[in-house]
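A.B. asks: Here you go, one structure.
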Amino acid sequence: MIRTSPTNRPGKQVMPRICSIDYLRGIMALAVMVYHFLSWSLGVPDSGTLVGRLGVYAVSTFYIISGISLYLVYQNTRWSFREIGSYVLKRYFRIAPAFWVATLLMITFYVFKNSSFVPDWPKYASNFSLTFGFYNPRDYIPGGGWSIGNEMVFYAFFPLLIVATRNAWLFLTALALTFLIYIWFAFFMLSPRETLAEQWSLYINPMNQAFLFALGVALGWLRDTMGSPSKVTAFSCLILSTLLFCFYPAEGNQIGIVTSDKRILFTFFCGALCFSVLHLNLNNTFFSPVLKFFGDISYSLYLLHSVAATYVLQLLLPIMGEFSPFEKAAVLFIFVSPMSICISYLLYRYIEKPAIRAGKKITSYRKAGNAIGETA
């Protein structure tokens with residue numbers, strides 16, 4: 001297993017990519033698409049089903065993966081003003097372009113759908129600047145955009161969190177604080193007597209999701225401080241966490257698995273899954289090319305599948321006549337699903353990747369300029 005230098009010795013070592021984490025991200029993006037397509041045709045899947053559980057916890061797993069990934073990339077950063085600037089630019093170039101495309105497509109939809117359309121400029125500004133998560137998490141435009149708003153909040157506090165990992169007690173205190181807030185939402189803020197949709201504003205509050213991101217950082221930190229378990233242990237953890245996630249007793253509306261003790265249990269299952277995948281690093285399997293493909297396009301697919309479905313369900317199908325729920329499901333899975341995957345690939349290749357390269361070039365120019373200034 002690849003090991004890195006301890007976090008209390010910051011340096012410039014480059015962390016090799018953990019492919020299995022990307023694979024898991026791709027699987028979760030597909031799960032979200034399946035959940036949404038079923039919800040928009042046959043009805044919201046029950047929390048007793050695998051799809052119903054993934055509809056909630058796939059996004060939770062995204063946050064854990066995000067924390068792991070950022071820790072692995074930035075664990076040895078010294079966090080000077082220059083490096084903070086580079087971090088901000090790289091994150092923005094990674095997230096913003098695809099989000100802008102999804103936002104523009106949804107605004108275009110609203111223009112065509114509503115003859116009395118009135119622009120909401122403050123809302124557009126908050127979406128294009130990706131700042132809505134800080135003050136109004138419900139102000140997102142593209143479907144699923146709330147989680148991106150949350151991510152931007154987590155990115156803002158990430159430098160403080162990762163610096164804290166250089167002191168075990170400080171980091172564990174920060175982790176415990178986010179966990180206490182997590183418990184507060186699960187046991188006191190969210191009510192199991194109301195549906196998740198009725199409490200959506202509370203659920204998508206970044207304070208309710210912050211522990212998941214911090215948990216990801218903690219898993220990366222544990223990998224460095226405690227080493228890697230055996231492959232047998234990691235694989236056993238993978239199987240056990242998957243089985244528990246699939247079959248632990250739960251039913252009804254999704255609010256039942258995001259409140260009380262089940263919130264803690266299902267979070268533990270997701271954390272254990274990410275822990276095992278992180279340490280297995282299955283990057284040379286028969287399915288690796290397919291998993292890599294979906295890992296690469298996962299962000300675009302997460303944003304664009306709802307955009308594509310919105311256009312088809314609300315603009316195209318009404319023109320063609322009445323469709324039963326099963327017919328809508330068939331359209332979504334047979335037509336919209338492959339269309340979403342193809343569009344997501346194009347967005348990844350021609351917008352996401354060039355934007356990521358541009359962000360790296362800009363930060364490298366800044367570093368070169370600073371180096372010249374120091375030697376002049």
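Note that Cβ sites are derived from N, Cα and C of the backbone, with glycine treated the same way.
Heads up, TrEMBL stuff is auto-annotated, nobody curated it.
According to TrEMBL:
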DOMAIN    20-349  domain 'Acyltransferase 3'
TRANSMEM  21-42  transmembrane segment
TRANSMEM  54-74  transmembrane segment
TRANSMEM  95-112  transmembrane segment
TRANSMEM  140-162  transmembrane segment
TRANSMEM  169-190  transmembrane segment
TRANSMEM  202-222  transmembrane segment
TRANSMEM  234-252  transmembrane segment
TRANSMEM  264-287  transmembrane segment
TRANSMEM  299-317  transmembrane segment
TRANSMEM  329-351  transmembrane segment
A.B. asks: Going through 21-42, 54-74, 169-190, 202-222, 264-287 one by one, which has the most CB pairs that fall under 8 Å from the transmembrane segment (329-351)?
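C.D. replies: Selected stretch: 21-42, with the most Cβ pairs under 8 Å.
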A.B. asks: Using Cβ atoms and a strict cutoff of less than 8 Å, what residues sit near the transmembrane segment (169-190) while being 6 or more residues removed from its termini?
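C.D. replies: Contacts of the transmembrane segment (169-190) (Cβ under 8 Å, skipping residues fewer than 6 from its ends): 161, 199, 202-203, 205, 207-208, 210-212, 214-215, 218, 221, 255, 258-260, 263-264, 267.
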A.B. asks: In terms of Cβ proximity under 8 Å, which residues at least six beyond the ends of the transmembrane segment (54-74) contact it?
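C.D. replies: Apart from its flanks, the transmembrane segment (54-74) reaches 4, 15, 18, 21, 24-25, 28-29, 31-32, 34-36, 39, 44-45, 47, 87, 144, 147, 150-151, 154-155, 158-159, 162, 165, 196, 209, 212-221, 245, 254, 257-258, 266-267, 269-271, 273-274, 278, 302.
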A.B. asks: Which of 21-42, 95-112, 202-222 has the most Cβ pairs closer than 8 Å to the transmembrane segment (299-317)?
C.D. replies: 95-112
A.B. asks: For the transmembrane segment (202-222), which partner among 95-112, 140-162, 264-287 gives the most CB pairs under 8 Å?
C.D. replies: 140-162
A.B. asks: Pairs 6 or more apart in sequence, C-beta under 8 angstroms, 3 or more of them: is that satisfied by the transmembrane segment (264-287) and the transmembrane segment (95-112)?
C.D. replies: no
A.B. asks: Using a Cβ cut-off under 8 Å, which residues of the same chain at least 6 positions beyond either end of the transmembrane segment (140-162) come close to it?
C.D. replies: 7, 32, 36, 59, 62-63, 66-67, 70-71, 74-75, 77, 79, 84, 87, 91, 95, 99, 102-103, 105-107, 123-124, 127, 130-134, 171, 174, 204, 206, 209-210, 213-214, 217, 302-303, 306-307, 310
A.B. asks: Taking residues 6+ outside the transmembrane segment (21-42), which of them lie with a CB under 8 Å of any CB in it?
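C.D. replies: Apart from its flanks, the transmembrane segment (21-42) reaches 51-52, 54-55, 58-59, 61-62, 65, 68-69, 143-144, 273-274, 277-278, 282, 288, 291-299, 301-302, 305-306, 309, 313, 325-326, 328-329, 332-333, 336-337, 340.
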